[in-house]
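Structure, as structure tokens:
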């Protein structure tokens, strides 16, 4: 089905670059250039921040790049948002795109317009006359253009450009580069803590005697409020409005704070609740592909505080997820330090078979890439099969980059991209400019022309014709199950020991049935019964083909007299208002409604755990039993405990299959042999009887999806709704903290901060707070969903007069460190080896042997001034780019995490918070070394940061006499400088305050 090969990219001894903070020193800060000057020794690490403030010069800004049409662009909408609120301070944004002294001014070239005139100037890659460029992956060419555009031999040197040009050699050597994205995108779960940090940083800068207004984004920042909605109401015509009203009731304080931030900080656009999902809005509207700033052209690029920011890669825009602390630094002019990545070339051939969806393809690709190993790498797709994939199909694959572990899943711009830009309302002139620029700069793929062979780190190949219908689960996105094998796989999961593919249900209990009464009618639940069926998530609701496919399945089922059982919690949460428009035009929305798939809101719901409560009768039937109910959703993640506390089995599926499983009422079914229901005349109805043909879907999509829908949806996107407009936000540079607030609280990170960095911290005789196995996710570390009534966070809230109905979710309270510290490691499905396999958010306090909540145990250690560490297995911190998964452990007093391997973003977040990430040597882990977690650990690091090297060996000793060697996972000199300062944000504050 697919082929793997290793390319001839040459290997050499790893040589770490030592560039910290090529901080911009020109009169205006660069939009997308790396900016860090070399740090060769401790003097530079400790002193460079004194000159760093030059990069944080607040720039006045010009109008944001327009889509070119008369409808509202991000620029005009930002202006509307400011003009509609009296307290808003008007400003102009300037995009500084060129360094004052430029090493590559000779290749600055004019891009002519057809018929005369020019679009503007750009740095021409072909003008370098370097044959290596033609072999570079397209994703790497974006990094190259950025380095060239900003090269002045101070911010970025010719040596940096050479590293990227020589990618075939340097990509194997852990070479460090700096990168500045053109913009930053946030959602509210991560955006609120970002604003809390920025507000707190203003206080810290003021306390150090400097001007707090220096803390201001220097690049465009878009914050889309999409994570706060919960499915409290479903299966009713007014569900969306009721959920929106309850969302505002729960989050009034947070939303008021966000509204304050939109006026207090320059360069920030807040998209109000009820507008859509951040990544779908980014894809359909915010994505530029190419910036045209005052006649200067350069590629769009973006980082976001959500791991699925990668969805924009499907549009040919370089984008990936980062932690909130990295995003904050990027906003403030700090370069992103990254290791120049390897790029896996993934060739697609053939075409998808009849009945196979883009969801089936992405689940297949996820499994292949997860097996291949792509952590820390770019994946670039190419081949003749690309012409068979719509832009929405590509975006679906790019969206799930975090699930297959890659930094990006990149699709270079081609004709399909241009057609999508036109479909979504970008003007013809804008699309023409984008095509002209990318063709001129060797960044456009034309499959009608002979293809230049590009070099990749390794190669994969997939014949699209081999992809078959499938779902993934029950606990991980990459555990793909062919649909034809699902029944057998389900029974194997019941049999298997507890694990990612097992529930250990005794044979004699596998046929257990729980009978109950639902609205006075008899009902029953057994293992595999579907209790949640959700068409949700930007992964699939951005794709008209699968959405129309789901509606057609619902219509055909209704026509045959089939109906979803009333106790199944069905929901439809589109990622943008456009979905509602084309479902209405197609006439198929009514069919979804008949099957219970009413629109419940426009945002992230079931996919992130905002699924709401089950019906009390259903919940009571499950509670106190060993029944394993199932959820089926069209999302991108199904980690245990994420979707809903009572659905222990969670499967990812295409929207049409979500409808099919809802009709069947169980995952314990063989769709080939067993019916999904019975007609009124007693005849069986099979999945094949309701499944639409590809041609049928394509015809409806062509008729129903129109450019005018995108224009009308986005031209008023910042106008919000009456609930948003009624919010009254203060107007002030500094935020007035309310000590009694349980949503917004001043964090303790910068209190008693001194002007000089503290240097490395000793980790001596530390206790093990937690001992984990493999695949501990950020959901385990810092859950986003419900606050359990017996948790430390619940006790904290109740002590402050908050009743359980108003707890809201952990995600909604990320602006309050006191709640979030108590919520760290509070996932009810967490497994801690110190408790010998017992499941739950507890641990053993080693000195006393007491079983305590993780928070209470950590508090005891902190009170006694005893350090703590964490032991972990492979893939520690996988999942969402959740900065609280690093902030929380810091507040609990964790000094180091020793793991077999780390997920990319989480490792970076740990480094950004000053927690030491350490990796066991290959073939070793806590178990092979005989570590139980009851030992005390000392990490032997030099006391001067100048004596520490990125990636060096570090010896760890225990009080039992055992010692072992780990690899220090501070990967760059930049991260060592952050560690020296106690984290990235203290580094930035000292940089600004040193003036």
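Any Cβ shown, glycine's included, is placed from N, Cα and C.
Swiss-Prot lists 1-83 with the feature transit peptide, giving sequence analysis as the kind of evidence.
As annotated by Swiss-Prot, substrate binding site applies to 187, 306, 307, 308, 637, 642, 800, 881, 882. Residue 637 (substrate binding site) has a Cβ environment of 26 other Cβ atoms inside 10 Å.
Annotated [4Fe-4S] cluster binding site per Swiss-Prot: 538, 604, 607, in sequence order, evidence recorded as similarity to another entry. DSSP assigns residue 604 ([4Fe-4S] cluster binding site) to coil, not to a helix or a strand. The local packing around residue 604 ([4Fe-4S] cluster binding site), expressed as other Cβ atoms within 10 Å of its Cβ over all shown chains, amounts to 32.
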Name them in sequence order: residues not among 538, 604, 607 whose Cβ is within 8 Å of the mean position of the Cβ atoms defining the [4Fe-4S] cluster site. 226, 277, 279, 308, 536, 537, 539, 541, 573, 575, 603, 605, 608, 635, 636
Per DSSP (helix/strand/coil reduction), residue 187 (substrate binding site) sits in strand
Of all the binding-site residues given, namely 187, 307, 637, 800, 882, which is spatially nearest to residue 604 ([4Fe-4S] cluster binding site) at the Cα level? 187
Rounded to an integer, what is the Cα-Cα distance in Å between residue 800 (substrate binding site) and residue 538 ([4Fe-4S] cluster binding site)? 36
If you measure from the C-alpha of residue 607 ([4Fe-4S] cluster binding site), which of the binding-site residues 187, 307, 637, 882 fall inside 10 Å? 637
Roughly how many angstrom lie between the C-alpha atoms of residue 187 (substrate binding site) and residue 538 ([4Fe-4S] cluster binding site)? 13
